């Protein structure tokens with residue numbers, strides 16, 4: 001349940017129902033979630049309006065003139081503690097400074113259940129339309145979550161649904177702060193993991209084989225041709241898995257990887273296990289090599305970078321002993337595993353950006369590369385202090401805004417996003433941080449005292465204050 005709370009100037013359309021109009025309104029409000037402790041909307045002294053296509057509050061021309069104008073962005077709401085932080089980010093770091101056109105979709109687990117996940121599909125289509133999505137972390141329900149929320153069914157991962165509709169590649173990169181020690185001390189430059197976000201294990205069919213019998217894999221062509229392969233002759237119970245990918249998706253993955261590495265001026269490595277999966281992984285290897293030779297080799301050589309295929313085990317060993325400074329294109333499962341491994345190697349899973357880049361080069365979805373921080377949310381519901389790291393969620397906003405700025409050739413928006421990123425890093429390096437980072441720096445939770453970290457909203461206030469100072473300096477320098 002939602003209401004509109006008047007705060008900062010923006011343009012928005014709110015999507016609590018799939019049938020809502022796509023109309024965009026000049027308004028002076030932000031989304032405010034229901035209080036999780038009471039399940040009621042917190043009311044302030046200003047007028048609260050129900051969400052509808054008629055909810056319009058007009059800003060004065062003076063207010064709008066002070067803000068940086070930004071084009072359309074799909075604002076994707078999520079769950080639990082990250083949703084609380086999401087509102088705070090918009091209230092303190094985004095809306096006071098930007099005149100932005102937001103198209104807001106509620107992907108909270110309860111509304112996904114209410115709409116039978118149609119809102120997720122509508123959200124993905126909106127990202128396709130507007131080219132930029134900025135997503136809060138969401139719950140992917142398991143058996144316990146189905147029971148907790150009394151869900152109609154165990155809905156699929158909204159990330160997976162969005163990725164399957166958009167296609168493309170997820171690029172994850174560590175946010176490097178000098179005072180956060182790296183577990184892999186040699187990593188001085190970023191390692192960007194490019195994950196092929198389509199199929200393989202994530203759209204596979206798996207089941208328990210009940211007993212003795214023959215397992216076969218059959219392809220029936222549209223022309224009537226049939227290919228049968230015997231997978232195994234079971235002598236007793238076991239398990240089976242059937243998975244796939246498509247040439248079209250692999251080609252898209254390759255283009256996105258080559259373009260991203262070229263844009264970042266970093267060498268590109270692609271890893272498979274083609275020595276074992278000669279046909280399956282070999283297809284990835286061959287498509288990448290063919291596209292590189294025909295379309296990208298000259299540009300790479302001109303930029304002083306290169307492309308190379310490596311076996312996954314060899315690539316892992318190389319990454320561990322390298323200083324970083326490359327893009328690593330991984331198949332879906334490999335990317336899932338290695339992105340977390342690399343994030344932890346740089347010091348913290350809370351310092352990791354995640355951007356889905358579509359093959360058209362125009363469409364991106366940025367999100368935090370972590371979950372909804374359920375444990376902190378339980379504390380929050382009980383009125384207890386939390387110290388939740390917002391940095392990855394803030395960088396979801398900055399990376400989305402940077403892409404919006406690139407599409408629109410909007411230099412002021414670009415400078416704003418870059419300034420916000422630098423403020424986050426400078427604030428942490430200056431000694432203000434959340435508890436998880438204090439533990440990383442001190443080396444043990446037992447070594448951390450209360451004075452070493454700030455609680456969630458205290459840290460947000462510190463970032464907001466520092467951002468205001470930085471933007472004022474930028475404005476003064478520009479005069």
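The backbone N, Cα and C atoms fix where each Cβ goes, glycine too.
TrEMBL labels come from automatic prediction, so no person has curated them.
Across the residues of the domain 'Isopropylmalate dehydrogenase-like' (72-463), the predicted structure has a mean pLDDT of 96. Residues or ranges marked as domain 'Isopropylmalate dehydrogenase-like' in TrEMBL: 72-463.
Its Cβ taken as reference, residue 140 (NADP(+) binding site) is surrounded by 17 other Cβ atoms within 10 Å in the chains shown. The NADP(+) binding site annotation in TrEMBL covers 138, 139, 140, 145, 321, 371, 372, 373, 374, 375, 376, 389.
For 140, 157, 158, 159, 160, 161, 162, 163, 172, 195, the entry in TrEMBL reads D-threo-isocitrate binding site.
Neighbour count (other Cβ atoms within 10 Å of the Cβ, all protein chains): 18 for residue 202 (site 'Critical for catalysis'). Positions annotated as site 'Critical for catalysis' by TrEMBL: 202 (among others).
Sequence-distant neighbours of residue 273 (site 'Critical for catalysis') (same chain, six or more apart, CB under 8 Å from its CB) are 281, 311, 312, 313, listed in sequence order. According to TrEMBL, the feature site 'Critical for catalysis' maps to 273 (among others).
Per TrEMBL, the feature Mn(2+) binding site maps to 313, 336. Classification of residue 313 (Mn(2+) binding site) by DSSP places it within a helix.
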- Compared by Cα position, which of the recorded positions 158, 160, 162, 202 is the closest one to residue 376 (NADP(+) binding site)? 158
- Among 140, 157, 158, 159, 160, 161, 162, 163, 172, 195, the record's D-threo-isocitrate binders - longest CA distance, Å: 20
- C-alpha of residue 160 (D-threo-isocitrate binding site) to C-alpha of residue 202 (site 'Critical for catalysis'): distance in Å? 8
- How many other Cβ atoms are found within 10 Å of the Cβ atom of residue 158 (D-threo-isocitrate binding site), counting all protein chains shown? 26
- The rounded CA-CA distance in Å from residue 374 (NADP(+) binding site) to residue 172 (D-threo-isocitrate binding site) is 22
- Inter-residue C-alpha distance, residue 162 (D-threo-isocitrate binding site) and residue 336 (Mn(2+) binding site) (nearest angstrom): 16
- Take the Cβ of residue 160 (D-threo-isocitrate binding site) and count every other Cβ within 10 Å, whichever protein chain it belongs to. 16
- Report the member of 313, 336 (the binding-site residues) whose C-beta atom has the most other C-beta atoms within 10 angstroms. 336
